[in-house]
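A.B. asks: Heads up, here are the entries from TrEMBL:
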TRANSMEM  43-65  transmembrane segment
TRANSMEM  72-94  transmembrane segment
TRANSMEM  147-166  transmembrane segment
TRANSMEM  178-201  transmembrane segment
TRANSMEM  236-257  transmembrane segment
TRANSMEM  263-286  transmembrane segment
TRANSMEM  315-337  transmembrane segment
TRANSMEM  357-377  transmembrane segment
TRANSMEM  398-415  transmembrane segment
TRANSMEM  443-467  transmembrane segment
TRANSMEM  479-497  transmembrane segment
TRANSMEM  517-534  transmembrane segment
Amino acid sequence: MAAMPTACIFILAVELCERLAFYTFTGTQEFFLEKTGYSLAQANALTTAMNTLCMAFAVFAGWVADVQLGRFMTIIIFGVTYSIGGLLATTAAAPSFMNSGLYLFALLVLVPMGTAGIKSNISNFGADQYDVSDPEQVAAQEQFFQWFYMAINVGSAFAYAFLTTLGTNGGMGIPKEYGYFAAYFIASMCMLFAVVCFFCVRGRYRTSPLQRTSAMADVCKRISQEIQQGNRWAQLAALGAALAGSAIACSVASALLQNELSHGHVLIFSMVAFALASVGALMIIISCECPDWVSDIDLPGVSLSAADTRGFLKLLPVIITAQMAFGAIYNCMQYSFQQQACQMDVRIPGSGESQFAGSFFMIGDCLGITIATPIAVGWFNPLLESRLGNYFSHEGKFLFGMMVGGLSVVLAAYLELLRRSMPVMDRISNCAPDGVHMSELSAVWMFLPFLLCGIGEIYTNPVIMHLAYSSSSAATRTLAVVATLLVQALGTAIFGVQITALSQFMPNDLNDGHIEYGYYMSLGIGLFFYVAFVRSMRIFRP
């Protein structure tokens, strides 16, 4: 097996630090907003909106990388933007300031822009460092995506194990009131340091020439040409994309306008977003499964071939169904698991009354990935591949990941039912909304569903990342990543709709609600899209 190129170490370092900063922000954002007057549902919706915007801005970032700056300079510029956003959030969290307006500007504008610029380019830039004419390098490139995913979770582990708890509780000589300020400052400086190091070894990278035109623009022009010819499949694809984009916009709007709108109006916004997302995704899947309707004619100003366009469109149903399937599981872990943990006994053993942040238990997800990845790459995957052959290819790995991830949600639902059946303590939880008490069930039990979800992740997200990269032409690889991020935004938007629709079952005090209803709904959505994924893969690889 070929060794990892030295340049990839610096690429992995940028991703590690970006995820460290990102999960420091998202792991404390709900709690920070609750302390500044937002309700649990409002804070949750704004955190979901931030994640959605991180993915939605990828369209612009992908265009910049392909046509204007290249992947290297795009990562540099957007990395600096990210760092500035982090430092503004740090300023907003100063105890003498505590300005939620500046905080939301940083975390809903600058940090999402920075995230989009990095996420839409960094994995492909790492894969570009391998010489695919060498069979050993091809195999090493596939493993790079799993090491890349492990780097994500090493950064996440540090964020959840240390910085989120520092933010909500203080520690290491830092008073509690300075916790958010210190955590955000450390995260922002890590991001800035990684970008500087990445820039300093610029002579080591393999780079690709700029494209004459944007791949996304070329795809749009080809579809537009077919629409002008009266092609109904092209019309269906364009309408589906418009509806999906509108769904993302409605979801973000409903989150941002919660304070100005009544619950009924927010619910209407959410239902409209859900309908737009569902119908839009279905239209794209149906129209793109067999994109032979894209003709071979040459168009002026279009450099992307018709064959490359068809290849990208045919990949879209696979990306959509896969991301929506596991996204339904992952979003439960990303948001609801933390809220549930906050109403369990979160006291740190042997530390008196000090408490973990609810997001601390996300380290279970990170540990699942960091422990299981070397085992999977070095032993488990080769063993099953040798015995099962094609049955443990992309489809087999994804099925295994979905099963383990689904089990994590079932276990979380069981623990919630068990938690509500136990007595409520007289101690207030620091990471729950003000005045909410803990239950007697130890939050340590939440490590198990987090751990299982992490194991499921290494058989889903890296698998889809590699499938998208290896199945795309060089001209459409960035576009494939952008599409993946947009689908993640769509999935997050749908989850935001779930939160709003089920808000009556998710009050500030979960003892008065039924958060497990959201788990059951997510399992149903995940199963539906998994069946759709199997169908799409059979069409993609007959």
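In case you wondered, yes, glycine gets a Cβ from its N, Cα and C as well.
Just so it is clear, the model here is predicted, and its values are computed rather than measured.
How about a rundown of where these features are and what they're close to?
C.D. replies: Sequence-distant neighbours of the transmembrane segment (236-257) (same chain, 6+ residues past either end, Cβ-Cβ under 8 Å): 45-46, 48-49, 52-53, 56, 108, 223-224, 227, 266, 269-270, 272-274, 276-277, 279-284, 286-288, 313, 486, 489-490, 492-494, 496-497, 500.
If you look at the transmembrane segment (315-337), the same-chain residues 6 or more away from its ends with a CB under 8 A from one of its CBs are 26, 44, 47-48, 51, 281, 284-285, 288-289, 361-362, 365, 398, 401-402, 405-406, 408-409, 412, 446, 449-450, 453, 456-457, 460-461, 464, 467-468, 471-472, 480, 483-484, 487-488, 490-492, 494-495, 499, 515, 518-519, 522-523, 525-527, 529-530, 532-533, 535-537, 539-540.
Note on the transmembrane segment (443-467): residues 123, 142, 145-146, 148-149, 153, 318-319, 322-323, 326, 329-330, 333, 337, 340-342, 344-346, 356, 358, 361-369, 372-373, 376, 394, 397-398, 400-409, 411-412, 415, 484 of its chain, located 6 or more positions outside it, place their CB under 8 angstroms from a CB of the stretch.
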A.B. asks: Spell out yes or no: are there three or more C-beta pairs under 8 angstroms between the transmembrane segment (147-166) and the transmembrane segment (178-201), with each pair 6 or more apart in sequence?
C.D. replies: yes
A.B. asks: Using a cut-off of under 8 Å between C-beta atoms, tell me which stretch among 43-65, 72-94, 178-201, 357-377, 517-534 contacts the transmembrane segment (479-497) the most.
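C.D. replies: Looking at each of 43-65, 72-94, 178-201, 357-377, 517-534 in turn, the most contacts to the transmembrane segment (479-497) are made by 43-65.
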A.B. asks: Which listed stretch (43-65, 72-94, 178-201, 357-377, 398-415) has the most C-beta pairs under 8 A with the transmembrane segment (517-534)?
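C.D. replies: Ranking 43-65, 72-94, 178-201, 357-377, 398-415 by Cβ pairs under 8 Å to the transmembrane segment (517-534) puts 398-415 first.
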A.B. asks: Under an 8 Å Cβ to Cβ limit, what residues of the same chain, 6 or more beyond the ends of the transmembrane segment (398-415), are close to it?
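C.D. replies: Distal contacts: 322, 325-326, 329-330, 332-333, 336-337, 340, 441, 445-446, 448-453, 455-460, 463-464, 516, 519-520, 522-523, 526-527, 530, 533.
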